[in-house]
Amino acid sequence: MGRRNRRNRQRHQRSTEQRSPAEEEQRRKAREQAAWECGYPEIIKENKLFEHYYQELKIVPDGEWDKFMASLREPLPATIRITGYKSHAKEILHCLKEKYFKELQDIEVDGQKIEAPQPLSWYPEELAWHTNLSRKIIRKSPELEKFHQFLVNETESGNISRQEAVSMIPPVLLKVQPHHKILDMCAAPGSKTAQIIEMLHADMNVPFPEGFVIANDVDNKRCYLLVHQAKRLNSPCIMVVNHDASSIPRLLVENNGSREVLYYDRILCDVPCSGDGTLRKNIDVWKKWTTLNSLQLHGLQIRIATRGVEQLAEGGRMVYSTCSLNPVEDEAVIASLLDKSEGSLELADVASEIPGLKWMPGITQWKVMTKEGHWYEKWEDIPTSRHTQIRPTMFPPKDEEKLKSMNLNRCMRILPHHQNTGGFFVAVLIKKAPMPWNKRQPKLQRRPPVSACDASIAVAPELVKAVTENSAGMADEPAVDTENGETKPCTNQSDSSKTDIVCCPPPSKKMKLFGFKEDPFVFVSEDDPIFDPIQTFYALDPSFPKKNLLTRTQEGKKRQLYMVSKELRNVLLHNSEKMKVINTGIKVLCRNNDGEQYGCAYRLAQEGIYTLYPFINARIVTVSIEDIKVLLTQENPFLSKFSKETQKQANNFDMGSIVLKYEPDPQEPETLQCPIVLCGWRGKTSIRSFVPKNERLHYLRMMGVEVFKEKAEVLEKKPVEGKACDEEHIDEKMDIDGAKEESKELSGNESGDDEDPKEEDVIDRGVLEHVALKNTSAIPASVEDQAEDASVSKESVD
C-alpha cells in the first residue's frame, strides 16, 4: 500500500510539472466550480408543522398571518448599539449620523437602494440603530466595506455592539441602578451582560459603582466568549463564573463583621430555548423545528427560573426571557412560578416602561401538541406512556380565578412583522416576600474581624477542598438549624483557619472535580513591598484601594495587577470554595523590568487607565489634539514633534510610564469634545503610546482622521521577494502579540516567573504612520485589518 501511494504521488508530481500555468489555472477554476455545484442545498423556508401549531394557538392577530410568515422568510436586519456610558458615545453617534449613514444613502447593493438607518424608537437617547441590510450583506458587499471596517473596529474597542434589537429589551426592563447587585444566569456570549455593565457605569465620574454583575454560564467554552465581551468595556465590577444555572450556589458576603446570604437586586434569566423566534437568522430551525424541543426544555427552564427567584432580594426584579414564541416555554413557565410562589411573586406591568415597542400581551389559554401532531388540552387527557414527556406545568391553570389573578396578559410577546425584528418573549417578576419553601431566612452569623493581611488570598475553586453541591443547588447554603433558623458555625476547621476559609494556603494538589484549570485569584496584602514604589512614582491618592488589587499567581513575581471593586472582593473572599470563577478584575498595572532602574517596575495599562486615573497625581502630561494625532499615527515620535507646552511638561519627568491627558476646549466646538486618557512611555528623547490598534483607530476617527483603505489595495500590494512589506509585517506582528496577550488573559494561565518583555516588545506595533488626515491627500491612508467579524452578539439564542 505504501509503495502504491508513493507511485501515485510521483505520477501526480510529474503531471503537474508538465502542465503550463494557464492549464493549472483552468484546472483550479474547474475544481472550484465543481465544489460550488456540489455545495450544501439551499434550505427551504417552510415547516408545515410549525405553521399548523401556531395557527392553532392564535398567537398572531387575525389577518396578519401572511405578513408574519413573510417576515420570517426575510433576512434579519442588522442592528447596532452604541455603548452609552462611555464619554465618547456622543462623538460616535455624531460620526455615524454625519458620515457613515449619509454615505450609505447613495449606495445600491444588488440593485437594491439602501434605506437610511433609523434609530429604534423605544431605545433611549438614539443609541440603537437598525438598517434594512443583513449582516451577511454588510460583511460581503464591497460597497459597504468601509462601513463594515468601522463596525468591526469599534466593536472590538467596546464602543459599539452588534446585537439583535429584541435582545436589548431585557436589560432595559431590568431598570439597573449603579448600586444594584446583579446576576445574569445564562449570560454567554454576553451582549446583554455588556448592556447591563453600561447601565451600572451610568456615571463615568464614579470609577467603582457600589453594584456589580456576576455573569454565569454552564458551558465552560462559552464563558470565554463572555469574558471577551466583558473585557471590551473595561469594568472592575464584573465576574464571570461557570455553573449550572439551575443549581448556582448561594453566596455569602460580609456585612459589618457578620456573614449573610447574598441576595440580588436584579436577575436576568434568559434561559436556553428552542429558538423558533430566530428563524430569520438561524435558518436551520426551519427544518429542525418540532414541538419536542419545547417539551424537553420546559423542565430546565422552570428549574433555572426557580433558582433565580430564590436568590432574588425582596422588592427585587427578575426578567425572564426567551427567543421562543411557544407558550410551553413562555407563559407556562411563568404560570408555574406564580402558582408555587403563593403570592410571593407578581407579574409587573411594564407597558409604560418601554414606549415605542410594539408587543402582544401574553395568552391565557393554550394547548400542548406532541411531535406527531396530537393535541391535548389538559393534563388528564395525557396517556400514561407520555407522562415523562408532558408535565402538568405545561398546561394553563384550571382555576379561572387563579388564572385571572396571575395577570399573564402582562407578559410581552414580540412578533417579527410588527417592527421588523426577531420573535421574542419577556416577562418581569417582582418578589414581594420570601418564597414559601424559604420562609425562614438564615440569621447573620457573627465572626471575628479579619485583617487585610490574613484575608489576602482568594483562590480559585480547583485549589481548595471541594464542597459537594446538591443537585438542586440547596446544599451550598449555610447550615441552618431547622428549629430556630440560625446558621450553624463551622466546627471542622482548625484553630488557625477559623477566621476565614480563604485565609488558608491552598492544598498541594489541585481539585479535579470540575475539570477546569483557572489560576488562583490572589489579593495582594496592603503591606506588600511592591506598593511603595508604585505609590511614590505615581503619587497615588491615599484613598486608592490597594486591598482591591489581585494577581493570578501564587508564587514568583507579580506580572500583572488587576483591580476589582470592593463589593466583588467581598464576594471572592468568602466564596472561593463554592464558585468556579473564570475571570474577574481589570488590568491596571503591568510589570516592566526596564522600569526598575527608573523607580517603578510597573507601567500603567491602557485597559484600566480610566479606573486608575482618578487616583494618579503625578506623571501626567496634558496634550493638545495635534499631539494626540502624533502619538497615534507615529510609533515612537521625538519630543520635537510635540507642542512646546507638551515638551516642557515632559522634560520635568524622568524616563518611565506616564499619563497623556487631552481635555476638550468648550471654546472650540469644532474639535473633539470628549476627554482622552492614554498610557505612554517617556523615553530619552521620545514619547510613545501604549494603545491597542483598534483603540487607536477609534480615537483617530473621532478626531476626523480617515483610517480606511480598500481591501483591493492591500491585496494588490505584494512584498518584494525575500522581504516582507514593512507595514504588513508590523500589523501582523501586532496582531500576533495581541492575540497571545489576550489568549493568556482569557485562559487565566499566567506564570509568576515570567516577566514583561522589554519596552520595545510590549508596545503595540500598529504604527499607523500612513494614516491620512482628513482633507489631506498627500499622506496615504492606513492599512486596517480586514478580519471577518469576530464579535459574537448574543441574540438570545443558546
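Just so it is clear, glycine is given a Cβ too, placed from its N, Cα and C backbone atoms.
So that you can see what the record holds, here are the features copied from Swiss-Prot:
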COMPBIAS  1-13  compositional bias 'Basic residues'
REGION    1-30  region 'Disordered'
COMPBIAS  14-30  compositional bias 'Basic and acidic residues'
BINDING   CYS186, ALA187, ALA188, PRO189, GLY190, SER191, LYS192, ASP217, ASP244, ASP270  S-adenosyl-L-methionine binding site
ACT_SITE  CYS323  active site, nucleophile
REGION    476-499  region 'Disordered'
COMPBIAS  723-747  compositional bias 'Basic and acidic residues'
REGION    723-798  region 'Disordered'
COMPBIAS  751-762  compositional bias 'Acidic residues'
COMPBIAS  763-772  compositional bias 'Basic and acidic residues'
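Shown on the structure are the features that Swiss-Prot records.
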residue: CYS186; record: S-adenosyl-L-methionine binding site; DSSP class: coil
residue: LYS192; record: S-adenosyl-L-methionine binding site; DSSP class: helix
residue: ASP244; record: S-adenosyl-L-methionine binding site; DSSP class: coil
residue: CYS323; record: active site, nucleophile; DSSP class: coil
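Geometry remark: LYS192 (S-adenosyl-L-methionine binding site) versus CYS323 (active site, nucleophile), CA distance 13 Å. For the pair formed by GLY190 (S-adenosyl-L-methionine binding site) and CYS323 (active site, nucleophile), distance between Cα atoms is given as 15 Å, rounded to the nearest Å. All protein chains included, ASP244 (S-adenosyl-L-methionine binding site) registers 18 other Cβ atoms within 10 Å of its own Cβ. Among CYS186, ALA187, ALA188, PRO189, GLY190, SER191, LYS192, ASP217, ASP244, ASP270, the residues given in the record as binding S-adenosyl-L-methionine, the maximal Cα to Cα distance rounds to 20 Å. Most buried of the binding-site residues CYS186, LYS192, judged by other Cβ atoms within 10 Å, is LYS192.
When the alpha carbons of CYS186 (S-adenosyl-L-methionine binding site) and CYS323 (active site, nucleophile) are compared, the span between them is 13 angstrom. A gap of 15 Å separates the Cα atoms of ALA188 (S-adenosyl-L-methionine binding site) and CYS323 (active site, nucleophile). Counting in whole angstrom, the residue listed as 'active site, nucleophile' lies 20 from ASP244 (S-adenosyl-L-methionine binding site) by their C-alpha atoms.
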